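Participant: What TrEMBL records for this protein is below:
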DOMAIN    171-269  domain 'Ammonium transporter AmtB-like'
DOMAIN    270-356  domain 'Ammonium transporter AmtB-like'
SIGNAL    1-29  signal peptide
TRANSMEM  45-66  transmembrane segment
TRANSMEM  78-98  transmembrane segment
TRANSMEM  136-155  transmembrane segment
TRANSMEM  162-179  transmembrane segment
TRANSMEM  185-202  transmembrane segment
TRANSMEM  214-233  transmembrane segment
TRANSMEM  245-269  transmembrane segment
TRANSMEM  281-301  transmembrane segment
TRANSMEM  307-332  transmembrane segment
Amino acid sequence: MKHTPRRSFGRLFLLALFGVVLLPHAALAQDVSDEMFAVNNTWMLVATFLVFIMHLGFACLESGLTQAKNAVNILFKNTGVVSIGLVTYAFVGFNLMYPGDFSLGQFFGFAGFGIDAGAEGVTSAYNPGYTYWTDFIFQAMFAATAATIVSGAVAERIKLNSFLIFTTIYMGFYDFAGSTLVHSVGGWGALAGIIILGPRLGKYGAHAKPIAGHSMPLATIGVFLLWLGWFGFNGGSVLSADPGLVSLVFVTTSLAAAAGVIGAMLTSCALHRSAKLDDPVGAVSVHLVCGIWGTLAVGIFSADHSFVTQLIGVLAYGAFTFAAALLIFFALHKSLGLRVSEEEERMGLDVGEHGMEPTAGSRSRTRRR
């Protein structure tokens, strides 16, 4: 049985709420040979572990760009996010993407809980590009990434339990590789968290003050791990091992990353202004702004897709996900509390949230403050 995503307002509501990724489905009309099916499926699994390694990249980048006294907290969150994301997606997310032959209500289009391959799940009858299980694990890695984007933006000042609760809840239009459904959804959540939390202590006074990360080598390792992972993130979104399309996506990914680095260099040299939004890892600029641009660019440069349709998609997801994230963060702020105490923030979240002693260098910097 081939799964065909059914669109309804209710389903889009739930898809956005749980951070579910709805990528173009590669259900081809023609049959494929057993050999080609094996090649397609193998490439999709390779792409999956490349996406998985991006979580190591996020962990390195975020911990490197933040203070040493919060490193354990950053690493714990990044491990927790992918774990919660995978379990939540297995429990409810995958069945929101593919409702199957029945649904719990016409409004929500939801096919129950859990995952189950069925008789055709491991053959090309399910999809000529991959098995049911490959489909699940590849899409699950995407879904977990949306919440990871938020982690870095709210680093060094958010309560651990509140963040993990947020992660559990938040997880015609064309969107290749999740430019909107992963990046801008995560970016909107990051922006909402930054607004509700406020800046880190000492970040803003008469002028913005830099809060240096404790390890630029670690951050650089994270950048290159993410660059590597993006070959799977984007290349896997072809949803087959088509040689022409996969190689084109690799070239496009490389050129886009290189152009982004050069653009960031030039921008940082020419412009040093603040909107007073404290984003330690640049999640809003990287994921939200670039995610929106990536989606709109399809309508600008492609004759096959409408700019107006792309814009409507961006605005629809932005309006809902930003409002939903703002509501979740505000509710957590008013109930459990969202931000750690001033004393705990100065001391470091490694001690306050995890009972772990910071490194020697971190202790000396803390005393000087």
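Backbone N, Cα and C atoms are what each Cβ position is placed from, and that goes for glycine too.
From a predicted model like this one, the values you see are computed outputs, not experimental measurements.
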Participant: Could you name the stretch, out of 78-98, 185-202, 307-332, with the greatest number of CB pairs under 8 A to the transmembrane segment (136-155)?
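Facilitator: The stretch I would name here is 78-98.
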Participant: Taking DSSP states H, G and I as helix and E and B as strand, how many residues of the domain 'Ammonium transporter AmtB-like' (270-356) are helix, strand and coil?
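Facilitator: So the domain 'Ammonium transporter AmtB-like' (270-356) is made up of 60 helix, 1 strand, 26 coil.
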Participant: Using Cβ atoms only, state whether the transmembrane segment (78-98) and the transmembrane segment (185-202) have three or more pairs under 8 Å that are 6 or more apart in sequence.
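Facilitator: Output no: the transmembrane segment (78-98) is apart from the transmembrane segment (185-202).
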Participant: For the transmembrane segment (214-233), which recorded stretch in the set 45-66, 185-202, 245-269 gives the largest number of Cβ pairs separated by under 8 Å?
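Facilitator: It is 45-66 that shares the most Cβ pairs under 8 Å with the transmembrane segment (214-233).
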Participant: Counting only residues 6+ away from its ends, which parts of the chain sit with a Cβ under 8 Å from the transmembrane segment (45-66)?
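Facilitator: For the transmembrane segment (45-66), the nonlocal Cβ contacts are 74-75, 78-79, 81-82, 134, 137-138, 141-142, 144-145, 148, 151-152, 155-156, 213-226, 228-233, 235-236, 280-281.
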Participant: In terms of Cβ proximity under 8 Å, which residues at least six beyond the ends of the transmembrane segment (245-269) contact it?
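Facilitator: The answer is 43, 227, 230-231, 234-235, 237-238, 290.
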